[in-house]
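Chemist: Can you read through this structure? Questions will come right after.
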Amino acid sequence: MGGPHGGPFLLFHVLCFLLTLSEVGSQNSKACALPCPPNSSCVNGTACRCAPGFISFSGEIFTDPLESCDDINECGPPSPVDCGSSADCQNTEGGYYCTCSPGYEPVSGAMIFRNESENTCRDVDECSSGQHQCHNSTVCFNTVGSYTCHCREGWEPKHGLKNKQKDTICKEISFPAWTAPPGIKSRSLSAFFERVQKMSRDFKPAMAKKSMQDLVGSVDDLLKNSGDLESLDQSSKHVTVTHLLSGLEQILRTLAKAMPKGSFTYRSLDNTELSLVVQEQGKGNVTVGQSHARMLLDWAVAAAAEESGPTVVGILSSQNMKKLLANASLKLDSEKLKETYKSPVRGAKVTLLSAVSSVFLSNTNTEKLDSNVSFAFALHEQPELKPRQELICAFWKKDSNGNGSWATTGCWKMGRGNGSITCQCSHLSSFAILMAHYDVEDPKLALITKVGLALSLACLLLCILTFLLVRPIQGSRTTVHLHLCICLFVGSAIFLAGIENEGGEVGTRCRLVAVLLHYCFLAAFCWMSLEGVELYFLVVRVFQGQGMRKLWLCLIGYGVPLIIVGISAGAYSKGYGREKFCWLNFEGGFLWSFVGPVTFIVLGNAIIFVITVWKLTQKFSEINPDIKKLKKARVLTITAIAQLFVLGCTWVFGLLLFNPESWVLSYIFSILNCLQGFFLFVLYCLLNKKVREEYRKWACMVAGNKYSEFATTTSGSGSSHNQTQALRPSESGM
């Protein structure tokens with residue numbers, strides 16, 4: 001570089017190089033006939049080619065000046081790029097690269113690579129490395145490529161969160177709040193819930209097993225020594241049992257979540273059994289069994305859709321629940337039963353034959369299951385079924401008022417054998433096996449009853465009008481007959497209009513009807529007893545008695561039944577009204593408030609009539625008997641005995657009318673009831689000569705004919721007149 005010609009020589013060479021480049025560029029520009037888009041190059045001066053990693057719509061080489069070269073997505077399908085497992089492909093402008101998926105790291109240390117052969121990704125254990133973000137209420141569990149946060153044992157996710165998620169936050173399992181049902185006043189129930197509250201305060205998840213055993217024992221004590229629970233009305237009992245069943249299901253479901261995984265069975269001293277299974281949801285079926293019941297269901301049914309974690313399946317079976325379920329109603333499938341028995345079914349009397357088994361699952365949405373659940377319930381009795389009886393699979397259905405009743409919708413009996421009944425149900429609740437005795441309505445009997453009562457009412461009305469309007473027969477015995485017919489008329493009218501309790505609930509209307517029927521029919525028997533007393537004054541007391549005054553007759557005839565009904569209603573007002581009929585309740589011997597007085601009256605009248613017949617026999621055996629007067633007295637006695645027989649027999653069968661098993665006797669009662677008013681009309685009106693004369697007179701007056709009364713010649717002796725006066729012929733007339 002130090003020679004004299006060095007500088008000019010170097011400058012000359014630089015100028016020559018620049019001129020050469022200018023010439024080459026000029027030649028290339030002149031060689032390409034069209035402008036090429038970005039990411040492309042000219043080919044042979046007439047076309048363009050996209051750079052590697054780009055592609056045009058027309059292909060690799062194109063001549064369209066409007067064409068463009070777009071990036072090829074090597075990571076999208078279809079693509080020959082394979083980064084291998086646990087790796088993700090990342091597309092770039094004109095290329096791509098591979099990286100390990102989240103939760104994985106490269107063993108080689110190279111963060112990017114080109115294909116599967118260079119893949120060295122392996123799982124990262126976030127739990128052991130401390131890279132997790134689990135809350136301190138959870139435990140970290142590593143998974144392939146990730147991790148999950150599980151609630152600690154005895155803990156559950158907070159409301160709105162799920163278990164086994166990265167954001168899971170848990171709280172310690174607590175004893176659910178459970179208080180007494182509102183409106184139920186019972187010392188036994190209050191003491192039970194005080195014990196429950198103490199369990200709640202002392203509860204620890206680690207002691208869940210003991211807490212469940214204590215809870216079952218407390219329920220046994222409540223039901224075994226029910227105390228004042230027995231005195232509750234039927235509706236309150238059913239509200240109580242509904243509250244107990246639903247509360248037990250909720251608490252046992254919650255406490256079971258704190259139990260270790262596996263099976264658990266507990267049997268109390270009172271034969272109440274608790275069986276449950278706690279485990280991760282499996283595939284196929286799960287079976288839970290005990291001596292009272294066995295259950296088979298799909299794991300998918302048992303698991304809760306909104307929760308993840310151990311699944312709970314359990315059964316609690318109690319025999320003591322039947323104390324609160326006595327006389328519980330059964331909701332019937334009326335159309336199906338009508339088709340079966342070819343006649344409407346008004347109701348059913350049920351008998352509990354098994355323990356009451358309550359089912360609880362992790363899944364709380366059990367009103368409509370995806371697959372049916374199978375049950376086998378052990379029977380405590382092996383009944384022989386009679387006509388109109390059936391064994392049914394029933395469940396306890398809660399209504400909107402907190403009450404409940406038995407129902408069969410969604411449950412089917414599959415078979416019977418080996419002392420058990422198998423069932424299938426499409427929902428879950430509390431189940432039991434019932435023997436239902438159906439009350440099948442007999443249309444013929446209903447028609448006979450309605451027509452017969454209408455006929456009886458018509459005849460009784462004629463009797464009442466006759467006793468009021470026919471003056472020749474007025475007297476104390478006619479007064480007795482009048483009020484007897486009035487009582488029977490009012491009672492029969494109420495019976496015809498209001499005896500049926502169609503709603504099923506015993507309300508004020510039904511109780512009032514039962515009270516009125518009780519009073520009217522008791523009053524009828526009281527007036528019948530007064531006729532026996534009248535006969536006693538007439539015949540036994542040497543034919544000189546003048547009978548009882550009307551005031552005393554009314555006080556006794558209406559006052560005595562009023563006292564009996566008043567005492568009965570005051571002592572036990574709930575004894576009036578039944579589920580199907582507005583009549584006296586059979587429970588607790590309340591029916592004796594009617595049967596007792598009626599039995600006493602019938603027996604008393606029978607004794608009076610025996611004495612009367614005996615006295616008449618003595619009179620006939622005298623040396624100079626007054627045959628005419630004795631014959632009339634005998635007629636009165638015979639009619640009174642006939643009346644006692646008809647009324648007494650009618651109500652002997654009438655008491656059986658309300659027993660669904662006595663449908664044959666119900667026919668007898670209906671027929672006798674039809675003849676009751678007709679018999680009194682014939683006996684005291686049509687067979688009475690004076691009444692017939694009045695009827696004939698009225699008929700002629702209506703027809704417009706003049707009535708002629710032919711006087712009969714009688715002996716004018718004073719003795720004959722005195723005898724007639726003594727017997728009060730205006731009342732006999734026969």
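All positions are counted from 1 along the displayed chain.
Cβ atoms are placed via backbone N, Cα and C, with glycine included.
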Chemist: In Swiss-Prot, is CYS685 on the same membrane side as LYS550?
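Modeler: In Swiss-Prot, LYS550 shares its side of the membrane with CYS685.
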Chemist: Identify which of CYS121, CYS127 is listed by Swiss-Prot as the disulfide partner of CYS140.
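Modeler: Of the listed candidates, Swiss-Prot names CYS127 as the partner.
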Chemist: In Swiss-Prot, CYS149 is listed as disulfide-bonded to which of the following: CYS134, CYS151?
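Modeler: That record, Swiss-Prot, gives the partner as CYS134.
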Chemist: With reference to Swiss-Prot, which of the candidate residues CYS16, CYS32 participates in the disulphide bond with CYS42?
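Modeler: Of the candidates CYS16, CYS32, the one Swiss-Prot pairs with CYS42 is CYS32.
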Chemist: Tell me, from CYS69, CYS75, CYS98, which cysteine Swiss-Prot puts in a disulphide with CYS83.
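Modeler: Swiss-Prot lists the disulfide between CYS83 and CYS98.
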Chemist: Would you call the transmembrane segment (663-683) and the transmembrane segment (551-571) in contact, using three or more Cβ pairs under 8 Å, pairs 6 or more apart in sequence?
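Modeler: These two stretches do not touch.
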Chemist: Against which stretches of its own chain does the domain 'EGF-like 1' (28-70) lie, if we need a Cβ under 8 Å and a gap of at least six residues from its ends?
Modeler: 93-95
Chemist: Counting only pairs at least 6 apart in sequence, do the transmembrane segment (551-571) and the transmembrane segment (450-470) share 3+ Cβ pairs under 8 Å?
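Modeler: No, the transmembrane segment (551-571) does not contact the transmembrane segment (450-470).
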Chemist: What stretch of 450-470, 520-540, 594-614 shows the most Cβ pairs under 8 Å to the transmembrane segment (479-499)?
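Modeler: Stretch with maximum Cβ contacts: 450-470.
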